[in-house]
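Chemist: Here you go, one structure.
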């Protein structure tokens, strides 16, 4: 049980409720697009500020779960509405707070399909924000499950109502995949609950209490329960071969939604690995680690190769993410604090880098009106700033040193190497492939002579005007002020966190240490004075 | 964190904390980086003065480098290794990586090379790029490169080195792809980056091994602990580092990107792909000298030497066959770096020699490239030497400076190359036994080939009759060769002075100066005396040059390359089939595999899912036909169900 | 009935139950009120002038339900925890029975509201005169008229009374009689649709013939069990099964036949074949009543029979019912995928739900009981509201139940689409709806009772079933509406009230289910 | 004569009734078959009553008869109405509702 701390109490509640209120307000205002947009932006900005405040108030060396509050919900099951954050949840909530205003800003001028309103779109985004914040902050497993499932619904409508041509297929596929995974997890959730009920003699869904009971269960029990959770998280994450919903969903979703989908929603899976799988099922985690590692490494290579084989930019982005999620899973199941911290920072940095990549690709698509790579070529000539942005996002995606993603990929790999050298070596091949697919995309779209239907040909329809001065369509202009404003924070973070990742590392490391401790894991490479670690062994935070 | 530094402080050969003027060493990185940032963010607003700012920052860095150099020379030999801790960079429990600088003779040597040559090339570029409307951006990239390169050589851990290592890769990528509107430039840039990444993987894996076995990646700890490691670990790290070096330095088997990199503007070729970046591999091995010097590293050293020897031959052979001015120089670079790698592969006997050749090569090869640039600048960017000829009269300064560089390269007595290359050849002979004869022989033979292809270049470009008079360049203009302006000629002159004098000056001082970094230059005695080797080398070079004169100097050369040539020439023209091999081994199977995987993903993985869905739908469609609407069939199904239930119950009970 | 019981008492040479004195009427007041009102309602029908009948019948029905509810509540507050028997031991009034009664009354309130509505379909959903032949001029006239046959009200009340008796029946004969009391009115009600009379009549015939067929099975089962145990009292059967030397063939054949009869009523596959046809053909308010209340009553009976009478033989029948549950879930989920009629689709959904309910029923634990009871409550309300919404989507020929007609409905009526989406999500079992909590409690009970594989099958079936719910949502939201699509009628007060009731309960039990869970788990079958 | 024969006869009658439901088309005949099944049950009940030595079974048989009578009323009403509509009593003709 979490005892409410004096300061965090209102803060987390506000973080959860504000987007909900925002969604309601925006829906109410949807008659007037402009006002609704402003309201949505305002709410998301305030939420961002709250997230920053939460970060500042978080004490990295303090209790495992902080800023918590708890209310009774269903007493007969011992279900509580209890939220709190640890370092991992905190950084993810901060990322959500960062991305949502940017997504709103990026989608500011996009047209919505006929019969829909901008207000409805932004309201759904705010709703999704509230739910995802809840998923990361929930400390009651029942509550987690509930939020885990219902966060599908706004996303389902975001894809289905505002998406591309095959949006129905994509939305249903997305929903069914996640829902089936969630249902299988439900079986495990109930299993843990039943187990805890037998052990403790009382009904509880409290994460800490469940963890303390389930982690002592015999291996076989743990394996079954582990698998239930794992399937749900692996679908979300997505690990090969449960990934095929993502390319379809990403390809059909509007750009902003794709950012949320890949940047936030999918992170719930890897978050679940860390928060639920390792602490709750330490024996099973160790037993099944090779399985996950294989899937992770396969994901790295497979996702990378498929990314190079895509003809559609948005599908490309999905496969890039699949490769990246392979790295994240590798880091988590390589069982060292470096690799796990790497994975958590990877989650953050992937949101920033891939989020930016998606936004930039969206800007490309908005100009050319086509998602096919083949419709572009030599665009840098027309839009040098846009090209630079694509390159920066791409470089971060391939984890170039100096960008944020390098820190995480480096930590994942160097941390994984001592425990899982073979997997790590295979995964390093992904580094080369990452360069291959990023540069491939950049070359096809931005470099070479001006070409492609989207820029000079017929893709825009017969009425498209070719501007004689630039030799391309009139619609092809470089980034405007709003777009620059949207991308600027991301560029700053990419470079800033690449050079000085300490703020993130310091917040994440204690939580990862606690997770390692709960899972009875010891770093393969100990720091020289080992007395400290021995002391840490004695009790987990 | 600070732990490593304190730990290092207790070691005998550890670094001292930097003080005084050295405390500002971060300026070296920040000056050019700030220049790049201002130019990139400022955009078109900085067009007017961007090139000046770019040059100024690098010159400023050079000046500071000089100050630092003299500051260091003022110290005793034991105090010349200093560390500057900037901030904790990546720190998670037992892993701690600082962003810290290592100021020692080795890194300072490189600082001077980089900022010095860098300054000259910045100045040269002001003229060379004057027609380019994006000149500002070019300077930004150059500054970015200088900054990253300085980080590479100044970092005090392998991770900071890796940071700079990939940073220069990025700058190189941007600059090779400078003419990105052209497909070949974009492809060359991508190829360079990718092949470098392959090498980088080696470097990265070496770092992982260090962390696993030594718990740190800083030079101090790694070099202190490396002696306690098993032979397997040492050799593995040694070979992986070599893989990194191969990528960056264009060594076999990753040499194919370097000639393609000539797609970039010539100053880039001079600075990055001749004088500085490509020598990073040599730096890496020299920097890791405590590792390579170990007895356990014998095998690793041997591999280094083999790679160096193979590469130097490949470079020479291919250089003989190419008709592209810059590509010949590029293969020359490949081969010269082969010499350096061979030298550092010799261990304590060769580190200083490798660095010496690196420095002299930096002067003359940069000068050669700038000369080539000057020629192309005056010849409508024509790079095909068969379409040049007789330019000596039209471009006297270029001709003279270029010829000095040429002489230095082929080892003309008492010019730079004579000192550095001869020393390497001599050391190679002393590698011991049959090994010495083989490596020495290869190095000697390479010297002859070098003289051959460089002389060929000299003849075809500057001497003979002009072949360009009746031709037009690709864009339809006639050729009007002319001497370049002072911003271009002055750097060439300075570099040619360096080409002449550097060897003589440095060969005496350098080994002693570098001693704190790479150890004492071991005295070796081979089967041939140093003098004998010198005479042999000069003789063979002279023969090579003479053959070139005999073949190319006496008769008129055709404007197009002859097609009917012997197989060695064909092979050399095809890069000794290196690209074909890459294509056949990696590129094409990769494409096939990708297509196959796309198919598998769409039809296989996704197909299973869609197949299950379709199967459910299909069975649903068939099953619903059972709901016939006839009440009697419903009754039948109920009866059947009942019988089944009862039968099952009875079976459970009685069976 | 009292006669029979006393005869039984005489016949059995065993000590009489302790309470020979006046039967505790207070316990069964709700039943008496409902059945009494049903009789009164028949009188109304016979005596009142035509124009008064509708208001009088509606008032009577609502008042009856209210009064029975009040009586139930007052009784519950001081009911003995161990339960008590009534009517000479034929009725067991224990906690589950009371919960089921409450559920039935509450659900029938919704159903009666739907039945009573005369604004959605002018004059109500029921035929003005059942004797009119479909397709004739009179039929067209009755479609246009605003009169309606009010006989549906006494029928509803009788059926309700039968259901209440059914789930409290303490012996099999009472159960059989109650089964017929609840079924016979329903057969008739199915044939009363004002429009599409052919379908309606066909539904009635099918339901009747198959229902009677199933009754025969049930009855034969009763007879065999009587032969086995020498009594039809559930407690006696349990006692005999625990330690009798009679032929087990009688026991198991009887048990099988009995269970088949019950499963038929509960629309569990493979005894579900009537369900889609009848659900589709019957007037929608009747479908709502059937789907919600009959399911409650049938599972009430199943629970009581399994837990009270057959508990000792559970290891024999459990495996068989596992199989039945799986078949039911699979049939419901898979066949629902390709349905083109929304009512048929919900029918298959109910088959799948019957499978889930059966899982809870065969977990013979307190949790299994309370979980199933809770599930019945949640499912009933969701279903009532679902059919209420379905009745609102109409075109010129009546309800537009073909799915293609629902395309783009969200654009025409966002509110209706939103409500229907919510209900579909509840049926799919998405959290924060009652459907999720219901599934949760049932699955929890099953897992705790060691039925993990069954739960996994159920979860997969849920996911498959989710597809067809989603399909409707996709149609409503993401498809373009057809040019001549149906309109959404603005519902009158009654239908609005019914839908609102269903939606609110669905939401409430999803968000704050604690109180209802407490009710459902307040006691077990105490009369054994 | 042991009561078992009555039970077997009862089972036989029940089966005949069930098969009749399956094979006959006329709704009235189908319904009669169901009645036959009910009466077969009655025979069983009475037999068991005899075997068990209690009167319950016989009383139950009366109940069944009453219930069956009520069922007849309802059933014939339904069948009549559909017969009036379709002019046929064949159950196979009512299959508008299917699939």
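Don't overthink the numbers, they just go from 1 along the chain as shown.
Backbone N, Cα and C atoms are what each Cβ position is placed from, and that goes for glycine too.
Below are the features listed in TrEMBL for this protein:
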- B:89-139: domain 'NADH-Ubiquinone oxidoreductase (complex I) chain 5 N-terminal' (DOMAIN)
- B:156-442: domain 'NADH:quinone oxidoreductase/Mrp antiporter transmembrane' (DOMAIN)
- B:49-70: transmembrane segment (TRANSMEM)
- B:106-126: transmembrane segment (TRANSMEM)
- B:138-155: transmembrane segment (TRANSMEM)
- B:193-211: transmembrane segment (TRANSMEM)
- B:231-247: transmembrane segment (TRANSMEM)
- B:268-286: transmembrane segment (TRANSMEM)
- B:302-322: transmembrane segment (TRANSMEM)
- B:329-349: transmembrane segment (TRANSMEM)
- B:397-419: transmembrane segment (TRANSMEM)
- B:492-513: transmembrane segment (TRANSMEM)
- B:533-552: transmembrane segment (TRANSMEM)
- B:634-654: transmembrane segment (TRANSMEM)
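Just tell me what is around each of these and how deep it sits.
Modeler: Panel annotation: around the transmembrane segment (B:138-155), residues 25, 28-33, 35-36, 39-40, 50-51, 53-55, 57-58, 61, 99-103, 106-107, 110-111, 114-115, 118, 121-122, 125, 129, 132, 161, 163-165, 167-168, 170-172, 174-175, 178, 265, 267-268, 271-272, 276-277, 280, 283 of the same chain, lying at least six beyond its termini, place a Cβ under 8 Å from a Cβ of the stretch.
For the transmembrane segment (B:193-211), the residues of the chain that approach it from at least six positions outside its boundaries are 95, 158-159, 162, 165-166, 169-170, 172-173, 217, 222, 233, 236-237, 239-248, 254, 256-257, 284, judged by C-beta separation under 8 angstroms.
Tertiary neighbourhood of the transmembrane segment (B:533-552): same-chain residues 410-413, 418, 421-422, 425-426, 429, 440, 444-445, 447-456, 459-460, 464, 526, selected by CB-CB distance under 8 Å and a gap of 6+ residues from either end.
Within the chain, the transmembrane segment (B:634-654) has long-range Cβ neighbours (under 8 A, six or more residues past its boundaries) at 626.
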Chemist: How about the transmembrane segment (B:106-126) and the transmembrane segment (B:49-70): do they have 3 or more C-beta pairs under 8 A, pairs 6 or more apart in sequence?
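Modeler: Per Cβ check, the transmembrane segment (B:106-126) touches the transmembrane segment (B:49-70).
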Chemist: On the DSSP side of things, how many residues of the domain 'NADH-Ubiquinone oxidoreductase (complex I) chain 5 N-terminal' (B:89-139) fall into helix, strand and coil, could you say?
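Modeler: Once the DSSP states are binned, the domain 'NADH-Ubiquinone oxidoreductase (complex I) chain 5 N-terminal' (B:89-139) shows 29 helix, 13 strand, 9 coil.
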